[in-house]
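Database features, via Swiss-Prot:
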BINDING   CYS62, CYS66, CYS69  [4Fe-4S] cluster binding site
BINDING   CYS107, CYS139, CYS199, ARG271  [2Fe-2S] cluster binding site
DOMAIN    47-276  domain 'Radical SAM core'
Amino acid sequence: MTTTTERPDAPIRHDWTVAEIQAIYDLPLLDLVHRASLVHRAHHDPADIQRASLLSIKTGGCPEDCAYCPQSAHHKEAGIGRQRLMPVEAVLREAEAAKAAGATRFCMGAAWRQPKDGPEFDAVLAMVRGVRGLGMEACVTLGMLTPSQAERLAEAGLTAYNHNLDTGPDFYGDIISTRTYADRLNTLQAVRDAGIGVCCGGIIGMGEGVADRAAMLQVLANHAPHPESVPINALVAVAGTPLAERPPVDPLDLVRMCATARIVMPKARVRLSAGRRALTREAQVLCFLAGANSIFYGERLLTTANNEADADAQLLRDIGVPVPGIEVLEAAE
């Protein structure tokens, strides 16, 4: 009997069970990647791998206690102090440079529990308007939002709001105690209600089981519509955080997550995000084959190191993906 996982043109579903998703995740890897690739090609151009740039516009001092995050004020040994919000002009200069290097999406992150209405939130709105004025997609991650804040971001032209679930509901309490799962879901609903695209994914390698990974994907896949984009992150274990001693993620687990996300959310952009620096070129290509179609471009992801831009450009060239921004810059030299 043909199942939905075997049909790349199957109807979009919003009624997945955790057991169904875990069964997909646990398929023999070659079968899983093949099925995911068929779904991917039915809904996306395989040569379209978006390059997004991510900038920390306000670093450190976050009151949340996320066990993986060096920006938490609870993890002082991580050595990241509280910094002020960057000036609007400085952020837009970074956006211009990212665009010149070929990025089409500019993401801005602030280490807040929730933004306060006032001058700083107004500055973020100006940043969003400025990025959109450059012809780029704009995404921000600012913590929890009120409905009115989401509406103001929508009016400023925000393309997407990032607010990750991090993990499945049952494991969540082992990672974070200062914000509930319901808090996260409420922010996602406010974003949807404002008409902003949802960017929402999670992190693997924090000690969760496969069932927790499947449960996180189930929450995402049962939203209607599916998230506009789904970042898949591998833990970057940072000294001074509670997860500093976690072992590295098996690259094939990252491939499985990308493939499973692609199958259950066929039209979403699957973003191969944090932890990519630890992958070989071949492992990255396998993730692309399995349905990942975005990377973060630039040598930092908030406060952790990322792949070198030149190496990324060469990898994309080698697999036949156009990299117009880099080619324009090289032609001008």
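Even glycines carry a Cβ here, placed using N, Cα and C.
Features recorded in Swiss-Prot, as mapped to the structure shown.
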{"residue": "CYS62", "record": "[4Fe-4S] cluster binding site", "CB count, 10 Å": "23"}
{"residue": "CYS66", "record": "[4Fe-4S] cluster binding site", "CB count, 10 Å": "23"}
{"residue": "CYS69", "record": "[4Fe-4S] cluster binding site", "CB count, 10 Å": "24"}
{"residue": "CYS107", "record": "[2Fe-2S] cluster binding site", "CB count, 10 Å": "29"}
{"residue": "CYS139", "record": "[2Fe-2S] cluster binding site", "CB count, 10 Å": "24"}
{"residue": "CYS199", "record": "[2Fe-2S] cluster binding site", "CB count, 10 Å": "27"}
{"residue": "ARG271", "record": "[2Fe-2S] cluster binding site", "CB count, 10 Å": "26"}
Rounded inter-Cα distance in Å - ARG271 ([2Fe-2S] cluster binding site), CYS69 ([4Fe-4S] cluster binding site): 19
Integer Cα-Cα distance in angstrom, CYS62 ([4Fe-4S] cluster binding site) to CYS139 ([2Fe-2S] cluster binding site): 20
Cα separation, CYS66 ([4Fe-4S] cluster binding site) to CYS107 ([2Fe-2S] cluster binding site) (Å, whole number): 20
For the [2Fe-2S] cluster site built from CYS107, CYS139, CYS199, ARG271, further residues of that chain with CB within 8 A of the site's CB center: ALA52, LEU54, ARG105, THR141, ALA160, ASN162, SER229, PRO231
Other residues, Cβ within 8 Å of CYS62, CYS66, CYS69 Cβ centroid ([4Fe-4S] cluster site): GLU64, ASP65, TYR68, PRO70, GLN71, SER72, HIS74, HIS75, ALA111
Cα-Cα distance linking CYS69 ([4Fe-4S] cluster binding site) and CYS199 ([2Fe-2S] cluster binding site), given in Å to the nearest integer: 19
Segment-level pLDDT (mean, integer) for the domain 'Radical SAM core' (47-276): 95
